[in-house]
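Have a look at the structure below, then the notes.
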Amino acid sequence: MASTASDLVKLPELTESTVLENLRKRYAEDLIYTCVGDILVTLNPFKLLPIYTPEVLERYMTEDGASQAPHIFKLADRAYHKMMDTGKGQAVIICGDSGAGKTEAAKCLMQYLVHCSATDAGDDIDCSESQEADLSQRLLLANVLLEAFGNAKTLRNNNSSRFGKWTEIGFDASGKMIGGSVVPFLLEKSRVVSQ
């Protein structure tokens, strides 16, 4: 199989067919992340891949950004460090069709930010792991509770969110995560109580 471009901007010819062929080849190799400049394109593998382990997370925290392959952790790292460098809030927009993996992407993003903020804030490792787990658990459990009220079985997904979520995470000046909120906004009412 010919090599593929991890950034679609680097394709020699940028047409619909070359983009789709590049994505198809990457997907066949379980390379589900591809960049288009600053945009991250994700294709749902519909299976578990070993790309979210603590070792992978640590690698994205410690290696130079330019040498890293496209990944949700790389995107989270760039947003976090841009926030720290400029002192200004950053936004990540996650969008896609039903079953695309938006909720999982948000969970991975939060996992990275919680870990990164605890590490950068200089917490000692034993303390940061428990604080990180506690705050992360609270944010992720809020997600689960919202899903219990707002998800429904669809033709494409057995547990499809029927609402959008605005998730906001607060950091102090040292980069330590200090809180967060999840605000749902209802998009569809028809499938909340029945398929």
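Counting starts with 1 at the first residue shown.
Using the three backbone atoms N, Cα and C, a Cβ is placed for every residue, glycine included.
Automated prediction, rather than curation, is the source of TrEMBL annotations.
Here TrEMBL flags 3-195 as domain 'Myosin motor'.
Look at TrEMBL and you will find GLY96, ASP97, SER98, GLY99, ALA100, GLY101, LYS102, THR103 tagged as ATP binding site. Counting Cβ atoms from all protein chains shown, GLY99 (ATP binding site) has 15 others lying within 10 Å of its own Cβ.
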Averaged pLDDT score, the domain 'Myosin motor' (3-195):
82
Greatest C-beta neighbour count within 10 angstroms, which of the binding-site residues GLY96, GLY101:
GLY101
